[in-house]
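Student: What follows is a single structure, and I will ask about it in a moment.
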Amino acid sequence: MSFLTLKDVDLKDKKVLVRVDFNVPVKDGKVTSKVRIEAAIPTIQYILDQGGAVILMSHLGRPTESEYDSQFSLEPVAKALSEIINKPVKFAKDWLDGVDVKAGEIVMCENVRFNSGEKKSTDDLSKKIASLGDVFVMDAFATAHRAQASTYGVAKYIPVACAGILLTNEIQALEKALKSPKKPMAAIVGGSKISTKLSVLNNLLDKVEILIVGGGIANTFIKAEGFDVGNSLYEQDLVAEATEILAKAKALGVNIPVPVDVRVAKEFSENAQAIIKKVSDVVADEMILDIGPESQKIIAELLKSANTILWNGPVGVFEFDNFAEGTKALSLAIAQSHAFSVAGGGDTIAAIEKFGIKDQVSYISTAGGAFLEFLEGKKLPAIEILKEKAIR
């Protein structure tokens, strides 16, 4: 790794500032999904075992910066963490002027987004945060694409900055899939809009042998192949881009299996009847909400040949059971594959949970935007600053 990891750093009797991703759902003062909290436990436990004091920082939701708002308070998260780790977790509401913490203790700081200057990573705020600790640990890959005070600025001014266990695992898994993949490699890029994934598709074309498109993205490709998509979600102004991607794929020998059959409905509704049709038979008042059985078979067959699979996005409206078959078939094909598989993005994780394949995916990324930017080949500011610190 081109940056320091937690295990490279002496933590004994050090105040260790850890940027975690505790942006979790809270309802009636209770955390309803603890996945992101659980993901940070190895880093927290390691620091405690090494004799360090833990100061945790995170954002929660999107409050108005510099204004306290109780609905975005991290106090319920501190309670949930205490239950999971079976240790007291102190909560610091006002923490910028100093945090009282001893070796072996954990303090959860209030929402970083209540601080003025967080998003712009002002020098004033960054220096203030850096002064609270001896070591900074970045362990929130989900926010690594943002140069903010608690992810980037603090690393600039603190004596030692390194990557936590979760962040290190994320980078290793993604680099294994993208920089040194075992071939053949397949990528699945789904979701509603091609515009948000265009640079991902272009970046992956040079790396994969199979590129599977799904959702609204696939509809734009179906249109690019000259078929009518009726009332379906697609992007007319990006049909030309889709045509270019298909031509480029052909020249590079990349297989893009555009759906040959689909499940359509007359309305976007959970109870709408799913009708299976060839793509050539879709009419004006129908909308494509899932791929059909033939397309499922083609995808499953292609994935059997892959040694590396990268998955971001569903291939249909899997939240509606009538239109979940395509994403279910895709999920099961990945689960049954011998390939090294990496999955990321909110909808993808929801599909993994719905179809019960969590243990069959090699690595599940907790990130959304940062995962996408990594797939685009972009540099992530919070990772770059760790690399710079390692050189100094």
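Don't overthink the numbers, they just go from 1 along the chain as shown.
Placement of Cβ uses the backbone N, Cα and C atoms for every residue, glycine included.
Quick caveat, the model's predicted, so the values are computed rather than measured.
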Student: For the ATP site, Swiss-Prot lists Lys197, Gly345, Gly346, Asp347, Thr348; sort out which one of Glu170, Glu225, Glu319 goes with them.
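Tutor: Swiss-Prot lists Lys197, Gly345, Gly346, Asp347, Thr348 binding ATP, and from Glu170, Glu225, Glu319 it also lists Glu319.
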Student: Select one of Arg113, Arg263: the residue that Swiss-Prot places in the substrate site alongside Asp21, Phe22, Asn23, Arg36, His59, Leu60, Gly61, Arg62, Arg146.
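Tutor: Answer, per Swiss-Prot (substrate site with Asp21, Phe22, Asn23, Arg36, His59, Leu60, Gly61, Arg62, Arg146), from Arg113, Arg263: Arg113.
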Student: Closest to Gly346 (ATP binding site): which of the binding-site residues Asn23, His59, Gly61, Arg113, going by Cα position?
Tutor: Asn23
Student: Report, in whole Å, the straight Cα-to-Cα distance of Asp347 (ATP binding site) from Asp21 (substrate binding site).
Tutor: 18
Student: If I restrict to non-local contacts, at least six residues apart, and a C-beta distance under 8 angstroms, what lies near Glu319 (ATP binding site) in its own chain?
Tutor: Glu270, Ala350
Student: Find, among the binding-site residues listed as Gly61, Gly345, the one whose Cβ has the highest number of other Cβ atoms within 10 Å in the structure shown.
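Tutor: The largest 10 Å Cβ neighbour count belongs to Gly345.
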Student: For Gly346 (ATP binding site), which DSSP three-state class applies?
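Tutor: DSSP assigns Gly346 (ATP binding site) to helix.
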